[in-house]
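Peer 1: OK, Swiss-Prot features for this one:
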type	residues	note
REGION	284-352	region 'Disordered'
COMPBIAS	285-294	compositional bias 'Low complexity'
COMPBIAS	296-310	compositional bias 'Basic and acidic residues'
COMPBIAS	342-352	compositional bias 'Acidic residues'
DOMAIN	387-486	domain 'BRCT'
REGION	508-580	region 'Disordered'
COMPBIAS	528-543	compositional bias 'Acidic residues'
COMPBIAS	544-570	compositional bias 'Basic and acidic residues'
REGION	612-684	region 'Disordered'
COMPBIAS	612-624	compositional bias 'Basic residues'
COMPBIAS	663-675	compositional bias 'Basic and acidic residues'
Amino acid sequence: MARIKKRGESGAAKNYITRNQSLKKLQITLAEFRRLCILKGIFPRQPRHVKRANKGSTAPTTFYYTKDIAYLQHEPVLQAFRDHKAFAKKVNRAIARREWHAAKNLDENRPKYRLDHIIKERYPTFVDSLRDLDDALSTLFLFANIPSQKSMAPEITAHCARLCAEWQLYVMRTHCLSKVFLSIKGIYFQAVVHGQEITWLVPYMFTQTIPTDVDFRVMMTFLELYQTLMGFVLFKLYTDENLVYPPKLDESLDNQGAGFGSLMLMAADADVLTGKHSLRPMDDAAAAEASSNAITRKDGKKLSTRDVKRQIAQLTRSEDKAEHEPEDDESMPALDATMQDQDSDEEADDEAGAADAFVAHASKTQGAGADQLTTLRDLQKQAGEDPLPMLFSRYVFYISREVPRTVFEFILRSFGASPSNVGWDPVAGAGSQVAVDDERVTHHILDRPVDGMSLDHAGHRVYIQPQWVVDCVNARQILPTDPYRPGQTLPPHLSPFVDDREVARKGGYVPEEAREKLGLEAEYVGGADEDEDEDEDEDEDEDKAGSGRGDDKNVAAREQDAVEKHDKTPARPALEALLADPTGAGLLEAAELEAEATGGEDALLDLRAKHAASLKSHKKKKRTSTTQSPQLSEEAEARDMAKTLLSNKQRKLYTRMGQATGKKKEEKMRLEAKKRALSKNKKP
């Protein structure tokens, strides 16, 4: 006879554990448990049957997987928390006894822990760590710009700023930056590293106000994890580029505000590979050559990967030959003895390259003219021919003091501008190699009014606003500078992270400028209204011409009075947007505020009357459109009948999809109405 199953020993009751039970099992406080879960990546779970998981109770509870909590029991950081708890007791006891020397010794020997094993567990491969780098970079840049406070020491801010500078130095070195967008929240950057798109947000360099409702203990735990992760990633990236990590910091230049100039890239020689850690400083030309010289000979000549493969093949052949012949130490050539001079090495490289080249042989079913496969060598050649990384290489820039120098120096150098071709005002920091009166300057970046400012400098320089640099990067070409001159109204700054073609395909709103760039049909939202206005004007002109052709003076006087009255009437875009979309959320409130500011109570009463009439006509149009289109009603009826055949889950999903589509259409109509109102106000 089978054993009777007891309640609560299997199923959801066994697979899930509450948070209070987890605290008792681990014997730690709630704050330590939260910290441990953040570091290990464990988060609450929602069981399908809460009552079964909670053993019959319906009280609101937080659940975790039982296996996750058992996994935490063997965590070394958990033991470090317990050691720190014992350490705190000893320090408090020494302070209570006024044993200051003992308390100082205890504080100097406080228990420490490392997160290296957690990084290796959470990110088994390097690509996994790159995929999770977005939040890490955004958090580091955030803390690098936050002023130090009671809960955050100045050393933490300095460490975050150092990691951010090292990351930006790598991006500038490899020219992997691809997109930049200036938004209200900050500046969005995107770089492609090892085939992975990494996007991060950099706040503007304003004085940050620390919010009081943010739990900095949780934020500091995330920051601790991200600092360790960033150290691992940067070490791997610098090592792949044959650079020594961390780069050497010149403290004197750093104290003078030199920025990236205070970090010096060091190339790793052959002695580094053998463990002698010989370093040599290098300039930009040497940095460009360093990654290709990752393996060198003893005499300093370059040893390519093909040379290593060729020598391994020779050693393998000699070993096979030695199995059948008597052993002879002199017959085994050494690696250094087989190396020829530089000229013969180049010829051997060409031969080896030809031997290693992939040759596509025609199969029996396909002819010789079939398409060849794309190889890694072809992809590398295509990547090397991309002109975008060297977009600004032929120009010399000067950054004015009101422009954020660190941000635009990073953008310019990431797209080919040499450090010797980027200068800034001495107020922004030391290290500028271009003076304000340098004749070589081709682009002077300004972001302030130019009234009363002298713009006469030697040479042929162009004064531009900062948006020109970002728009050139997103357009992947050098744009004309006339629309970006100081004092000019800037063109729309479109986001490069939005696929406008896909948005247009799904029926979303696409700006007119984006449509022109994509070559789509110009969907001008003000065209219909303009045609109606023109027709009305033509009818009025015909009526006037038919009723009183002889009284031309009176007609001209009436037209002049109408023009003057129209000129005196203030523009009210919020009212026009409300009348175009009377059901739009927030439009009524904006129109009321606008009416109070322009005309007071009379304008407010007039607004409410117009809104009521517009709302009534809108409902009437909606009602007539449903009654006057039998084809649409038949389609709706067929849709409802098909909807009854769906399951409950599918029906809910279909309803949510319809609601999302309706919201998208409403948003598109609202934006089109806003665009229509703005275009009318711009008319002379």
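The backbone N, Cα and C atoms fix where each Cβ goes, and this holds for glycine too.
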Peer 1: Count the residues of the compositional bias 'Basic and acidic residues' (663-675) that DSSP assigns to helix (H, G, I), to strand (E, B) and to coil, and report the three numbers in that order.
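Peer 2: So the counts come to 13 helix, 0 strand, 0 coil.
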Peer 1: I'd like the per-state residue tally for the domain 'BRCT' (387-486) from DSSP, helix first, then strand, then coil.
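Peer 2: Grouping H, G, I as helix and E, B as strand yields 31 helix, 12 strand, 57 coil.
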Peer 1: Please average pLDDT over the domain 'BRCT' (387-486) for the predicted structure.
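Peer 2: Its mean pLDDT is 87.
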